[in-house]
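Undergrad: What follows is a single structure, and I will ask about it in a moment.
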Amino acid sequence: MSKKPAALIILDGFGLRNETVGNAVALAKKPNFDRYWNQYPHQTLTASGEAVGLPEGQMGNSEVGHLNIGAGRIVYQSLTRVNVAIREGEFERNQTFLDAISNAKENNKALHLFGLLSDGGVHSHINHLFALLKLAKKEGLTKVYIHGFLDGRDVGPQTAKTYINQLNDQIKEIGVGEIASISGRYYSMDRDKRWDRVEKAYRAMAYGEGPSYRSALDVVDDSYANGIYDEFVIPSVITKENGEPVAKIQDGDSVIFYNFRPDRAIQISNTFTNKDFRDFDRGENYPKNLYFVCLTHFSETVDGYVAFKPINLDNTVGEVLSQHGLKQLRIAETEKYPHVTFFMSGGREAEFPGEERILINSPKVATYDLKPEMSAYEVKDALVKEIEADKHDAIILNFANPDMVGHSGMVEPTIKAIEAVDECLGEVVDAILAKGGHAIITADHGNADILITESGEPHTAHTTNPVPVIVTKEGITLREGGILGDLAPTLLDLLGVEKPKEMTGTSLIQK
């Protein structure tokens, strides 16, 4: 019996905008895409910012896009998750934070807050520190100390004073907190097992050892005078009038490490929490029994509490298809294979029962502008064969070209990439339609739609432009205002499968 497959076709990096200059999507001849756009119901989807769980205005990417598509819901990335928690009041009700504060209050101990002191948004955000200071004040703490790690990488190399001034203003306004130590991230956030660096940061925080200054701004001024900028500032101790350190991390104190990205938070956390730590000698009087809180899950090796626990993505599209006994195919070339498999399945490597995967090797060229068609024709040939063999109920396909060639910032090769994809798209969709099936044609984020900056330079990054969605089924209407998280419910809708409660996205097909 002939299967009537429903396919989700992702044209990676295929964004939409009206302006044609530097817009390979608009400049390319794409008769098949245009035919489907004109013949079938279509809309645009938001694929950036909070609609995909990123901060407002931030461009999407392939990992985030495929996570949202497969999950059928907005998957909040750590930064946005914490921002939303602050905005909606969940942050100050977070039990892990409250327990750390109770430990300090009930045992007359200090609360130490440490993390990267910037608004770079890659490892941390200074607003999260301010929210912790407000919470500490609200809960009546007085002994609150900040150990600031200077950035200079995710923000400008000499911006530390801006952030220290912001922090000093907040301390004054909120009425709690003192800066106890300052160190460049080169020391406190090493991830390459350069323990001599980590030890310097540790000794400043735990023992009050290192160069000493009366204020954080003095540390920076002195460093700059010696040609040492933010990232590389030597771990330094802030002292009181009598020359004693403002604070040292001591036995039984509470610590909240407000970085959200794990990789550069693990080593310094292990130094404070791991009973079997052997990478350098912490000394006899190292602080023990700390109530140590990580903002997110850093590592199994870190012996601490986690404020924002990992979100397990249950009932992604692949799992739901499998539960209903439907056969599914995931197909892409090497560059986007992890996206249609691992990310589409919510971070799961293993196949679901009834899932088949086809990997087509990407061409071995230095850069893809040298071969803009990449392996699109091979992907198409393999898929058409599968469709004709009536094996699959659902197909998830990615064409990598608009994104991978778009990253070159070169208009002509990207036009060629899109024209190759359009040719393949026509054969694939027509094969599906010939079987009585349906296709959803869409994208995960923009890229090929802006290849030239306003100043005429090559534009190699993703864009925040909307992406298309076409459903090749006549007699239906698609609603406006859709997001990537609505695609899985739409695919299930085409297959007559009810979406699970975990999928908070809704089908784009109007009822």
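Heads up, the Cβ atoms here are built off N, Cα and C, so glycines get one too.
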Undergrad: Given that Swiss-Prot assigns Asp403, His407 to the Mn(2+) 1 site, pick the one from His324, His438, His462 that the record assigns to that site as well.
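TA: Checking His324, His438, His462 against Swiss-Prot: the Mn(2+) 1 site match is His462.
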Undergrad: Check the candidates Tyr36, Tyr213 against Swiss-Prot and report the one noted as phosphotyrosine.
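TA: Checked Swiss-Prot: the phosphotyrosine annotation sits on Tyr36.
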Undergrad: Which residue does Swiss-Prot record as phosphoserine, given the choices Ser48, Ser62, Ser124, Ser507?
TA: Ser62
Undergrad: Determine which of Asp12, Asp393, Asp493 appears in Swiss-Prot for the same Mn(2+) 2 site as Ser62, Asp444, His445.
TA: Asp12
Undergrad: Let me check the 10 A CB neighbour count of His445 (Mn(2+) 2 binding site). How many other CB atoms are there?
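TA: The Cβ of His445 (Mn(2+) 2 binding site) has 28 Cβ neighbours within 10 Å.
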Undergrad: So around the Mn(2+) 2 site, Asp12, Ser62, Asp444, His445 aside, which residues have their CB within 8 A of the centroid of those CB atoms?
TA: Ile10, Gly13, Ala47, Gly60, Asn61, Gly65, His66, Lys336, His339, Asp403, Ala443, Asn447, His462
Undergrad: Within 10 Å of each Cβ, count the other Cβ atoms and name the one among the binding-site residues His123, Arg191, Arg264, His407 with the highest count.
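TA: That would be His123, with the most Cβ atoms nearby.
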Undergrad: Inside 8 A of the center formed by the CB atoms of Asp403, His407, His462, which other residues of the chain have their CB, for the recorded Mn(2+) 1 site?
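TA: So the additional residues around the site are Asp12, Gly13, Asn61, Ser62, Pro402, Met404, Gly406, His445, Asn447, Ala448, Thr460, Ala461.
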Undergrad: Could you check what DSSP calls Tyr36 (phosphotyrosine) once collapsed to helix, strand or coil?
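TA: Reduced to three states, the DSSP call for Tyr36 (phosphotyrosine) is helix.
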